[in-house]
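Below is one structure, written out as structure tokens, with a few remarks after it.
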Amino acid sequence: MGLSGKDLVGLQFVPAEEIKLILDTATPMKEIIKRQIKKVPTLRGRSVVTVFYEASTRTRVSFELAAKYLSADTVNIAAGTSSVSKGEGLKDTARTIAAMGADLVVLRHPMAGAAELLARTINAPVINAGDGAHEHPSQALLDLFTVREKKGRLEGLKIAIIGDILHSRVARSDIWGFTKMGAEVRLSGPATLLPQGIEKTGAMIYASIEEAIADADVINILRIQTERQQQGLFPGLREYSQLFGINTERLKLAAPDALVMHPGPMNRGVEIAPEVADGVQSVINEQVTNGVAVRMALLYLLTGGGNQHEIAH
Amino acid sequence: MRLLIKGGTVIDPGTGKVVEKDILLADGKIAKIGVNLNAGSAEVLDVSGKLVAPGLIDMHVHLREPGFEAKETIFSGTRAAARGGFTTVACMPNTNPVADNAAIISHIKNTAFVKGTSNVYPIGAISRGSKGEELAEMGDMKEAGAVAFSDDGMPVMNAGLMRRAMQYARMLGLTIISHSEDKNLSAGGAMHEGYMSTVLGLKGIPSSAEEVMVARDILLAEETGCRLHIAHVSTAGSVQLVREAKARGVKVTAEVTPHHFSLNDGAVAGYDTSTKVNPPLRTAADVAAVKDGLADGTIDVIATDHAPHTIEEKDVEYELAPFGLVGLETAVGLVWTELVANGVLTPLQAISKLTINPASVLGISKGTLKTCADADITIIDPATSWTVDPEQFASKGRNTPFTGRQLKGMPYMTIVGGRVVMREGILL
């Protein structure tokens, strides 16, 4: 069994059994990462191009290492935002990449729908590494993988996602992923950062953060961007921290073995207290490791894995 | 030159009658309407089974000339109008330079006279450069031929300026057409704010961005006594505001576009930039409310807001694409498919909203089939089904979300000033 779609643009339309396949495939991939020699020949002779219209060291390096561990050749295009503003950057870049024979393209772009536009334009598979406020499916898959690894299951768990839901592609992908796998998703954040109609996704909205995290099995804390304050979407970081920051007191409201997650990079002392970020319940560093494993699984599956290749040993 | 239109069902919103009659055209005018008219020396057009209406009027188009001829010209835009069954269009002033003075208004009229296939009535800008800062020379523009005033595409954010514009327009006896949008509420938005914008991750434009300005302009019209026309109404709240204003006697009229009664924001899924319009496609509930407004007379006019763009401009990321779609050549099919066939409007009501009502808003002597009126006639085949193919468009614009859509009802023939300019989709 492989993935039914050519691309991974988002999790909204990926069936639960395919999500399970990705998570199952990531498990042996993680084993590879733990080896002393982290290289298998699975994608030898294949080329993976990462195109980043936004700076993101974490996600880009994660994808590049995933490709390298599978022996693919990788190249990164750090596209300037100036060409984006001219409105012709993406399609021109797409045609160039296609002409060079890329076998898979990873795209990070500041605008929603860019990954879908690229996927329509080229024949090679496209992985969306974040498009505007739309989706960031590989981040959600690593979140799912981490929770399943720690809890042994996803079904029936209570997942609280706290913070700027409005601008968060991670939140959207997490909502689709966790709800499809049978978990309950709770959202809380400033009213100005909760998007219209989000409850129709199946997630539950809580005005009170305390209620949102009560008995939660997972607290996923979103990054607050200071520019949102400059846009007047909330009055100030200090107030935000007091109303929505996760500290040790609030953490006590969650289940005793609740996991603390964060997609990073963190604003310590704003959305997350340092002692929570570094506490025993934090799995933030493991999320990073699991990110590489999940991305290895995605590269493997989208380049024909499961049909033509076995995971090499 | 004499033409006898024979055997059709004549729909005349001027008399409110739908009857089997013949119409004789002579020397660019309607010479006679009657039963079994004698052809004499006239060429006979047998239109049995077809509907014969006054020439359709689209009071909201963007012809893009001067300034944006790559998108459209007066030549191509009026050919698109004729192909869509429109004998008359009123063009918005957001050209480059903006049509904010008598010279540009005259230029448009003269170019249309020389190159136009359909009649063209320019709409002048409310403010200089449509910047919303100071009044344009409205009186001068009226003298040159402007039939209404609008800063369409840009809202007049300054309520004081809008109030003065209405006072002035009232003095001139012309209508102010409001592009109702609060820029502070719509800033950065690419589609309707709601569940779909949340899922797609696009910044939304809330319904309130339109409604607060509709409410403001209604209050100003009520105060000044100016005739106010609300362009491209898209929300249930706007429909209700206009309904209430009319009930208390405010001189307000309103229009809706075919795309706003045919599509909802679900059409944006997939990020087809042809669905990016301003105001945005709203929810299914808004579409239903707009149809109710058409049915009960709250909405007087159907206008396309024909907004052509080049393929290069639209073939980009959704947020980067300009707003607008082309509407002239799909309007009749959408009106018949979505409104007439579904019983929302009778054929007479639909024709009224495409003829006599926009003529009334603009104060032009068009839109009826009176004897001695201009021989502008649109003949519609209500039974024919056809598939939208942008490659067939006479417009330079291909930006339509209706590609491949099966429509029932098509413009069969367009007659401007007694001359057949389009027959069965072919421009003559």
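Going from the start of the chain as shown, residues are counted 1 onward.
For all residues, glycine too, the Cβ spot is worked out from N, Cα and C.
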Check: Where TrEMBL shows B:His62, B:Leu63, B:Arg64, B:Asn94, B:Asn278, B:Phe323, B:Gly324 binding substrate, which of B:His260, B:His309 is named for the same site?
Finding: B:His309
Note to self: Among B:Asp305, B:Asp315, B:Asp374, which residue shares the Zn(2+) 1 site with B:His60, B:His62, B:Asp152 according to TrEMBL?
What the structure shows: B:Asp305
Margin query: Using only what TrEMBL says about Zn(2+) 2 binding by B:Asp152, B:His179, identify which of B:His232, B:His259, B:His306 is listed for that site too.
Written below: B:His232
Checklist line | CB within-chain contacts under 8 A for B:Gly324 (substrate binding site), separation at least 6 | finding: B:His62, B:Lys276, B:Val277, B:Asn278, B:Asp305, B:Ala307, B:Pro308, B:His309, B:Asn399
Next item on the list: Sort the binding-site residues B:His60, B:Asp152, B:His179, B:His232 by C-alpha distance from B:Asn94 (substrate binding site) and give me just the closest.
Entry: B:Asp152
Notebook entry, point to check: Near B:His60 (Zn(2+) 1 binding site), how many other Cβ atoms are within 10 Å of its Cβ?
Noted result: 27
Item checked: Those binding-site residues, out of B:His60, B:Leu63, B:Arg64, B:Phe323, that come within 10 angstroms of B:His232 (Zn(2+) 2 binding site) at the Cα -> B:His60
Checklist line | Separation of alpha carbons, B:His60 (Zn(2+) 1 binding site) and B:Phe323 (substrate binding site) (Å) | finding: 15
Check: Using the Cβ centroid of B:His60, B:His62, B:Asp152, B:Asp305 as the reference point for the Zn(2+) 1 site, which residues of the same chain not in that list have Cβ within 8 Å?
Finding: B:Val61, B:Met92, B:Gly153, B:Ala231, B:His232, B:Ala303, B:Thr304, B:His306, B:Ala307
Check: For B:His179 (Zn(2+) 2 binding site), which of these binding-site residues sit within 10 Å, Cα to Cα: B:His60, B:Leu63, B:Arg64, B:Asp152?
Finding: B:Asp152
Next item on the list: Take every residue in the domain 'Dihydroorotase catalytic' (B:49-236), average their pLDDT values, and give the whole-number result.
Entry: 98
Check: What is the Cβ neighbour count of B:Asn278 (substrate binding site) at a 10 Å cut-off, with all protein chains included?
Finding: 21
